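The transmembrane segment feature in TrEMBL is assigned to 59-82, 89-111, 197-223. The disulfide bond annotation in TrEMBL covers Cys155-Cys183, Cys156-Cys173.
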Amino acid sequence: MQSWSRVRVAKCQLLVTSSFVLLLGLSMAAMAAVNYLGTHFAVVGRASSDRTPYEATRRWAFCTSISLAGLLTLGAVLGAVATVREAGGLMAGGFLCFALAFCVLVQVAFWRFHNPAQVEDAVLDTYDLVYDQAVRSSSATLRQQLVAIQDTFLCCGKSSPFGLLGATEVSLCPGEEATRQDCLVGVRSFLRTYGNIASTLTGIGLASTVYAVLLSSFLWFAFRSGCSLDRRGKYTLSRRARDCRPQEPSFFRRSPGGPALQHPMVADVLDGRLRASRPSGGPQFLQDS
């Protein structure tokens with residue numbers, strides 16, 4: 001495959017990859033919005049204090065998702081524009097965004113692998129705290145927070161390890177609410193679904209950014225080497241890229257099939273300079289001399 005064909009194929013692949021990465025960045029932004037403004041996470045956040053592990057984990061997840069969304073979106077836009085305009089500077093910017101996004105995704109994958117249940121444990125600890133406070137206290141505010149969490153996750157209470165519930169615990173799930181599933185099971189099921197989606201997006205992001213980094217680096221070198229699109233729609237190397245050596249003066253060049261190099265006489269060179277310095281309309285005797 002010729003060089004111009006490889007460049008054209010790489011440009012088409014980078015345009016497709018940039019479009020896919022742009023969608024991935026928008027998905028990351030949507031996950032950040034769900035994480036911070038979603039009903040399930042917001043209701044747990046209102047019931048927890050600012051110093052709980054849940055709030056710290058929630059803020060970290062939101063900042064990481066927003067950063068990834070920004071890097072992926074910016075890299076996709078720069079890569080697409082640089083591909084269309086064949087701009088090496090924009091391509092270098094897109095390469096940098098893809099590389100930074102890859103580093104962040106590696107950190108997220110590493111954290112997800114070593115702490116798979118950190119978010120789940122933080123949410124369940126918050127629910128356990130609210131549930132215990134509502135059982136031990138007669139405060140209406142605590143009961144309203146507990147009811148809000150249970151209505152959001154469509155669950156009610158939690159099962160006792162001894163199989164027996166007190167009168168206060170039974171009163172928290174009156175009527176049809178008693179037939180709902182255990183809140184520990186419901187919350188864990190929702191968080192695992194959310195975690196699987198996040199892990200899938202992380203894996204897709206890693207593969208996409210690696211491919212985008214390879215394509216952007218190849219096209220950057222191609223643009224820097226002078227590979228451009230001519231009028232016939234083919235990619236060719238410019239004359240400067242094919243031969244970067246400085247050209248010799250015309251009187252030192254060997255013509256194809258001609259005689260050997262001939263150095264001009266000093267007198268001829270001086271005579272040529274003298275004739276070039278004379279005014280065209282000078283006296284006749286100066287021109288004849």
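Positions of Cβ are set from backbone N, Cα and C atoms, glycine also.
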Residues of the same chain, at least six outside the transmembrane segment (59-82), with any C-beta under 8 angstroms of its C-beta?
14-15, 17-19, 21-22, 24-26, 28-29, 31-32, 35-36, 88-91, 93-94, 96-98, 100-101, 104-105, 108, 119, 205, 209, 212, 215-216, 219
Spatial neighbours of Cys173 (disulfide bond) that are distant in sequence (at least 6 apart) but have CB under 8 A
Gln150, Cys156, Gly157, Arg180
Taking 10 A as the limit, how many CB atoms besides its own sit near the CB of Cys155 (disulfide bond)?
22
What are the non-local neighbours of Cys183 (disulfide bond), defined as same-chain residues 6+ apart in sequence with CB under 8 A from its CB?
Tyr127, Tyr131, Ile149, Gln150, Phe153, Cys155, Cys156, Gly157, Lys158
Other than its own, how many Cβ atoms are within 10 Å of the Cβ belonging to Cys156 (disulfide bond)?
22
